[in-house]
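Record features (TrEMBL):
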- 14-136: domain 'Aspartate/homoserine dehydrogenase NAD-binding' (DOMAIN)
- 14, 15, 16, 17, 18, 19: NADP(+) binding site (BINDING)
- 97, 121: NADPH binding site (BINDING)
- 158-358: domain 'Homoserine dehydrogenase catalytic' (DOMAIN)
- 215: L-homoserine binding site (BINDING)
- 230: active site, proton donor (ACT_SITE)
Ligand code: NHO
């Protein structure tokens with residue numbers, strides 16, 4: 001019989017919008033959950049790291065202040081792996097960055113016996129080779145090392161765990177469809193609302209940016225790649241062989257003329273007529289425009305782009321930056337299993353990451 005771990009060490013890489021919320025939530029969890037004892041042994045942001053050679057814990061209540069005051073230049077990724085793999089207790093790394101280099105190191109972390117939880121989409125939507133390397137390095141059930149990435153799709157909503165349950169219990173998923181981007185949801189809900197009002201496209205983009213809903217460069221949301229990455233992850237989990245997020249049709253809403261230009265927001269109004277036309281045509285058909293992703297598992301096809309929806313459709317009725325994701329399956333029949341809720345934001349995304357940590361704690 002295996003004995004339960006008495007202590008689990010946590011290493012947090014990245015403490016921005018999601019990571020700082022995660023550290024706060026981790027501090028509460030550590031207080032409310034006496035066993036296994038959780039200790040933070042490594043904390044880093046891009047230019048600063050904090051850890052002790054003897055693995056002494058970093059106080060969770062003021063971890064970010066400690067990092068600010070006492071942090072030093074971060075070690076290389078291979079040195080981090082070396083340090084963590086020698087820790088006296090089981091280690092879980094929380095990758096709260098969007099770093100490609102860290103994502104590519106997951107197989108090495110796992111080979112060092114270190115579990116990974118992350119909202120970072122890069123590893124799971126990158127090359128199929130990396131995906132295969134990661135999942136072939138995961139340890140046996142109940143033992144680890146583990147990989148969990150619930151928040152890489154739909155923030156804290158149970159999207160990945162639901163899909164895994166459907167697949168593992170033998171249901172046949174035929175189609176997955178939804179609004180996967182909080183930013184795009186906000187943009188289209190305000191640009192093409194059910195009541196027919198709504199300002200210009202460029203004004204919607206500027207407002208979303210002012211409210212902090214977009215990436216620093218809104219083109220990173222408008223190019224559709226964030227949605228394509230999420231679809232790649234779900235498609236692969238559902239058994240589709242998707243080579244990369246650029247291997248299927250993805251509609252970019254970045255005018256080609258502005259793709260490399262430094263005055264993107266200033267010049268965006270010049271292109272408002274294109275989006276106006278789309279909204280008007282949808283309106284003539286008594287529909288609204290939304291930006292959706294869909295996977296057709298029978299036809300093995302994926303696509304991302306604008307579509308028109310009846311005003312009574314659940315996708316048309318979304319509010320704010322909500323996500324909605326529907327699973328069409330054999331068991332669920334005509335009405336899909338649908339999950340709707342906040343699809344972006346530090347607290348809800350961090351909650352999904354913390355939920356993954358709890359799943360690991362139950363097993364080790
Ligand atoms: P930030 O605020 O830029 O923070 C990144 C942190 O990583 C910083 O502390 C930076 O110093 C550190 N960092 C970067 N490279 C590093 C390195 N090499 N070594 C050490 N530290 C390094 O990013 P966020 O917003 O906190 O996001 C963190 C991760 O969560 C990203 O991978 C992001 O894609 C993912 N994520 C964020 C959100 C969100 O709401 N912020 C969501 C999902 C995943 O559910 C959300 C979502 O999908 C939002 C999406 N834009 C949408 O639907 O509209």
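Residue numbering: from 1, along the chain as shown.
Even glycines carry a Cβ here, placed using N, Cα and C.
Per DSSP, the secondary structure of the domain 'Aspartate/homoserine dehydrogenase NAD-binding' (14-136) breaks down as 57 helix, 23 strand, 43 coil.
Most Cβ neighbours within 10 Å among the binding-site residues 15, 18: this distinction goes to 18.
Proximity of the recorded positions (15, 16, 230) to ligand 1: a Cβ under 6 Å from the molecule is found for 15, 16. When the C-alpha distances from residue 18 (NADP(+) binding site) to the recorded positions 97, 121, 215, 230 are tabulated, the minimum falls on 97. What surrounds the NADP(+) site, by Cβ distance within 8 Å of the Cβ centroid and not counting 14, 15, 16, 17, 18, 19, is the set 20, 21, 22, 45, 96, 97, 346 from the same chain.
Within 10 Å of the Cβ of residue 121 (NADPH binding site) there are 22 other Cβ atoms, across all protein chains. Every protein chain shown contributes to the tally, and the Cβ of residue 19 (NADP(+) binding site) ends up with 25 other Cβ atoms within 10 Å. Taking 97, 121, 215, 230 as the recorded positions under consideration, the smallest Cα distance to residue 14 (NADP(+) binding site) is found for 97. Within 10 Å of the residue listed as 'active site, proton donor', counting CA to CA, the binding-site residues 15, 16, 17, 121, 215 contribute 121. Residue 121 (NADPH binding site) and the residue listed as 'L-homoserine binding site' are 15 Å apart (CA-CA, integer value). By a simple count of nearby Cβ atoms, those within 10 Å, the most crowded of the binding-site residues 14, 16, 17 is 14. Restricting the average to the domain 'Homoserine dehydrogenase catalytic' (158-358) gives a pLDDT of 95.
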